Amino acid sequence: FQGIFVLGLPYALLHSGYSGLLLIVLAAVLCCYTGKILIVCLYEENEDGQLIRVRDTYEDIANACCKKLSPRLGGIVVNVTQVVELIMTCILYLVVSGNLLSHSFPYVALTEKTWSVIAFVTLLPCAFIRTLKIVSKLSQLCSLVHFVIILVVMTYCFTQIHQWSWAKFRLSIEFEDFLVSIGVIIFSYTSQIFLPTLEGNMKNPGEFRCMLNWTHFFACVLKTTFALTAFLTWGEETKEVITDNLPSFLKTLVNLCLLTKALLSYPLPFFAATEIVYSCISKGNHSNYRSPLLSLGVRGSFLLLTLLMAMFMPHFALLMGLSGSVTGAAMTFLLPSLFHLKLKWKKLSFLEKSTDISVFILGFLCSLAGIVCSIKGLLEVFG
């Protein structure tokens, strides 16, 4: 299901109507395709025509594409984009934590921002996480909690099947709301930054394409089913975070589970973002790279940054739409298609070139329009 952000999909359907269902499917197809061509960029043919893995990371691919301009320019762009996406993910976890706490305890006279600060306090130990081993254990617990949440929500929705009506779907939609929905849907599929590492650690990398096909297929089916059943249950009353629609006897329980999941999910993107920064510092040959004081300072600064951003931008769907439109579209559509064209141009057929160019143009237009509409929506909320 790819994380807590699937909870925003029913809200996306509210603003995109029938086209939202097509978008969920189309996003799965395009993300699967760009994942495959990204992995293709890791390989080159040797003198015998055999494919050899000559690159290991997204950064290596970017550097190979930009080596004539600057040996490290591409890697810098990719690293900055990755860090921004990961930090935005952390911010979203804080935003949704504040939202969940405020709705779980409505009789406590505290604002969502105050609840976000309380959630932030519980995350302070993240500044002392130094290995992925701890993060992996937290992620395992997170997956278990997520399964329970989705099961409870969908079970309740199916108990309300007698109220479902396709008339709840909009035939006409607001163009700006539709574009924000695109960002939400894209953000729910983003996984490209992890694919090179995943493929490199597979026992049989030759099965990667098959694995990618099946995982995106099942993700598409599950997301469509979840978003559709939730929207048919609540229609125009669908909230930004779908668990807010649950009756009070379930809402508190599910929201507390979601809060647990959000807090358990935070360390992974936080750890990944800080490791990218450390890697960049290491390449600069700084003598104090592994200094405990530097480590604590960087992690503490990242923690504080996520809190400040969560305080100033406390709107889950709009923030997720902005993230999906900026970093999500870049890492998922723009860069993979651009890198594939750059590195494999002479070996690509006309159809492959046309597909890559089409994906790039589509990704650019969606990204640009989504950025404008998400920012406009945020400005209207603050105004």
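Cβ from N, Cα, C; glycine included.
Those TrEMBL annotations? Automatic predictions, nothing curated.
The annotation domain 'Amino acid transporter transmembrane' is assigned in TrEMBL to 1-375.
Residues annotated as transmembrane segment in TrEMBL: 20-43 (among others).
Annotation source TrEMBL lists transmembrane segment at 76-95 (among others).
What TrEMBL lists as transmembrane segment is 115-132 (among others). A Cβ distance under 8 Å defines the sequence-distant neighbours of the transmembrane segment (115-132), meaning residues of its chain 6+ beyond its ends; these are 94-95, 97-99, 101-102, 259, 262-263, 266-267, 270-271, 295-296, 299-300, 303, 306-307, 310-311, 314.
Taken from TrEMBL, the feature transmembrane segment covers 144-166 (among others).
Sequence annotations record features per position, and here TrEMBL assigns transmembrane segment to 178-198 (among others).
Here TrEMBL flags 210-233 (among others) as transmembrane segment.
TrEMBL lists 253-281 (among others) with the feature transmembrane segment.
Same-chain neighbours of the transmembrane segment (293-312): 87, 90-91, 94-95, 98, 113, 116-117, 120, 123-124, 126-130, 270, 273-274, 277-278, 281, counting only residues six or more beyond its ends whose CB sits under 8 Å from a CB of the stretch. Feature annotation from TrEMBL assigns transmembrane segment to 293-312 (among others).
Feature annotation from TrEMBL assigns transmembrane segment to 318-339 (among others).
Per TrEMBL, transmembrane segment is recorded for 359-379 (among others).
Only residues 6 or more beyond the boundaries of the transmembrane segment (210-233), in the same chain, are considered here, and those with a CB under 8 A from a CB of the stretch are 1-2, 6, 9-10, 12-14, 20-21, 24-25, 28-29, 31-32, 35-36, 150, 153-154, 156-158, 160, 163-166, 168-169, 188-189, 195, 202, 242, 245.
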